[in-house]
């Protein structure tokens, strides 16, 4: 069990469970069994599937990557791979069946597409993570789709401001994946893996991710008050990325310091976003 928990990246659980829970609660205004089941699903089973499939089919390349083996990615022996895949299916299926039974056709479609993105990112033959630009988009879908699913499940009214929020969240996710790819440029190239980082190179990817973060901030200006204040929260991310704009490909691994900063920055940002959501709920 300890191995499965490590594979699921506990540091990232909040990144999928929180968007679902917040979106569902703000949409429905209630704490019910669907909120609990959905939050639990996006807390552990969803992450076990997402990262477990990734770790199994990235095993050879992860052996070449010096940052793998801890919070940033487990390296599990090949003998455990089958067990991880089985555990991913066994933990997901009961939750998915319950959610499908409770949801509308549209909600179920969003859930299926979310799970398809999880599979397509790392599974053989599909391997979206090796398709530059598609890799960033698919990774972002992993984190935006729980929120979108919650909104549809709760029968939210999709206003222009809500679409702007989702689009901004998507750009934030894409920028984060692109910035994260920089630290892996050398091991990815050695393993023959394509990514937005290996194609664009260190400097272009870093600057591009910073610009995309700022684009997310601009979109937040179109949301309902106090949503526009969230535009300020994109600035630390852009600054964090731009600190590494002078790196060349040979020193791209130094961007790992920025990635580690990104991980704790998410918790600070999450707290501030929570304050904004409470403010929004009070104003409604």
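Cβ atoms here come from the backbone N, Cα and C positions, even for glycine.
Unlike curated entries, TrEMBL annotations are predicted automatically.
If you check TrEMBL, you get these features:
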TRANSMEM  20-44  transmembrane segment
TRANSMEM  84-103  transmembrane segment
TRANSMEM  109-126  transmembrane segment
TRANSMEM  147-172  transmembrane segment
TRANSMEM  213-238  transmembrane segment
TRANSMEM  262-282  transmembrane segment
Can you work out which residues elsewhere in the same chain, 6+ from the ends of the transmembrane segment (84-103), have a Cβ less than 8 Å from its Cβ atoms?
3-4, 7, 34, 37-38, 40-41, 44-46, 48-49, 52-53, 55-56, 76, 111, 115, 152-153
So if I exclude everything within five residues of the ends of the transmembrane segment (213-238), which remaining residues of that chain have a CB under 8 angstroms from its CBs? That is, six or more out.
159-162, 164-165, 167-172, 175-176, 262, 265, 269, 272-273, 276, 279-280, 283
Using Cβ atoms only, state whether the transmembrane segment (147-172) and the transmembrane segment (262-282) have three or more pairs under 8 Å that are 6 or more apart in sequence.
no
Using Cβ atoms and a strict cutoff of less than 8 Å, what residues sit near the transmembrane segment (20-44) while being 6 or more residues removed from its termini?
5, 8, 13, 91-92, 95-96, 98-99, 102, 146-151, 153-156, 274, 277, 280-281
